[in-house]
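Database features, via Swiss-Prot:
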CROSSLNK  LYS52  ubiquitin cross-link
DOMAIN    174-321  domain 'CMP/dCMP-type deaminase 2'
CROSSLNK  LYS234  ubiquitin cross-link
ACT_SITE  GLU251  active site, proton donor
DISULFID  CYS280-CYS283  disulfide bond
CROSSLNK  LYS334  ubiquitin cross-link
CROSSLNK  LYS352  ubiquitin cross-link
CROSSLNK  LYS355  ubiquitin cross-link
CROSSLNK  LYS358  ubiquitin cross-link
Amino acid sequence: MKPHFRNTVERMYRDTFSYNFYNRPILSRRNTVWLCYEVKTKGPSRPRLDAKIFRGQVYSQPEHHAEMCFLSWFCGNQLPAYKCFQITWFVSWTPCPDCVAKLAEFLAEHPNVTLTISAARLYYYWERDYRRALCRLSQAGARVKIMDDEEFAYCWENFVYSEGQPFMPWYKFDDNYAFLHRTLKEILRNPMEAMYPHIFYFHFKNLRKAYGRNESWLCFTMEVVKHHSPVSWKRGVFRNQVDPETHCHAERCFLSWFCDDILSPNTNYEVTWYTSWSPCPECAGEVAEFLARHSNVNLTIFTARLYYFWDTDYQEGLRSLSQEGASVEIMGYKDFKYCWENFVYNDDEPFKPWKGLKYNFLFLDSKLQEILE
């Protein structure tokens, strides 16, 4: 992946930023994509390794796009694979489908990299292929969000020749943000079909000490009961959303979608979750309240790991789920294998258990039984 040119600058002028990052949802003549990036190592201090700006033309060949220029630069630096890197982009437009495909490949090949994309605007958000591309980015593990006022101010301070002037939001800035935020949330609110292998192995590995697993992933199956027999109906994958208003965990994402689009009082449901983490106290409480109100829903939760199982609030959350009829269990080998076969783009590769899977299962299962006694 070698673009024919690289167009990088340290900072941009104020008028350039205001023109190209103007967050009006529909704009013409903004044919240059600006990508401000930061690369940090993960850790307590998280030192910033580099921060610059790439430019690219939206109507040129994909290899000339700003996203591809960044990937060429990053891969060309041959940064050590044993270190974990946190990449943040502030972009004037969200990536096109071609760039998204390359980004998904990049993230699959670099499990030590996390990518957050904060966009000023959504590119062709009404077109099906572009909406699917945003969902694919999320499936690949990237975080996608709309730039808010704090992020605009941060870019102004760090990527603009501001000459000491503060960032001043323009007319209808808040209205534009609210519209784009709602639109992106609607695009990403529906469940994904599956996840990529590196996502599954990283987030569902049942380690005793699972450092860096700061996201919750939830695979679900849903059966409706007809003529006293369950009939398979729906399945999918949720992950926690980057939402400055709600910080929506995967469990809340499921409940929101289920209540708005699926739930009927005249239908009985058998729902099974396979989660990377057990629910936090707030989510456990909401799920317990939901089950108390809807006796037509039976829920079984298989979890790869117990979240803060030594904390009494988290223990009480698990007990509240059990008291409202939810079955809470630890994922074992057959459950991981089932998820691999049904919720992962596995290319017909078999599930490969990791060292310590059975031992960790026994440890977590004993802890769960102690909590639920």
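Cβ coordinates are placed from backbone N, Cα and C, and glycine is handled just like the others.
The 10 Å shell around the Cβ of GLU251 (active site, proton donor) contains 25 further Cβ atoms across the protein chains shown. Look at the recorded sites LYS234, LYS352, LYS355 and count other Cβ atoms within 10 Å of each Cβ; LYS355 has the fewest. In the three-state DSSP reading, LYS52 (ubiquitin cross-link) counts as strand.
Look at LYS234 (ubiquitin cross-link): DSSP puts it in a strand. All protein chains included, CYS280 (disulfide bond) registers 18 other Cβ atoms within 10 Å of its own Cβ. GLU251 (active site, proton donor) sits 23 Å from LYS334 (ubiquitin cross-link), taking the Cα positions as reference.
Around LYS334 (ubiquitin cross-link), there are no C-beta neighbours below 8 angstroms that are at least 6 residues distant in the chain.
Fewest Cβ neighbours within 10 Å among the recorded sites LYS52, LYS358: that distinction goes to LYS358. Here LYS234 (ubiquitin cross-link) is compared against the recorded positions CYS280, CYS283, LYS358, and the shortest C-alpha distance is to CYS283.
Cα spacing between LYS355 (ubiquitin cross-link) and CYS280 (disulfide bond): 27 Å, rounded to the nearest whole number. When pLDDT is averaged over the domain 'CMP/dCMP-type deaminase 2' (174-321), the result is 91. When the Cα of CYS283 (disulfide bond) is compared against those of the recorded sites LYS52, LYS352, LYS358, the shortest separation belongs to LYS358. Take the Cα of LYS352 (ubiquitin cross-link) and measure to each of the recorded positions LYS52, CYS280, LYS358: the nearest one is LYS358. Annotation note: CYS280 (disulfide bond) sits in a coil segment as assigned by DSSP.
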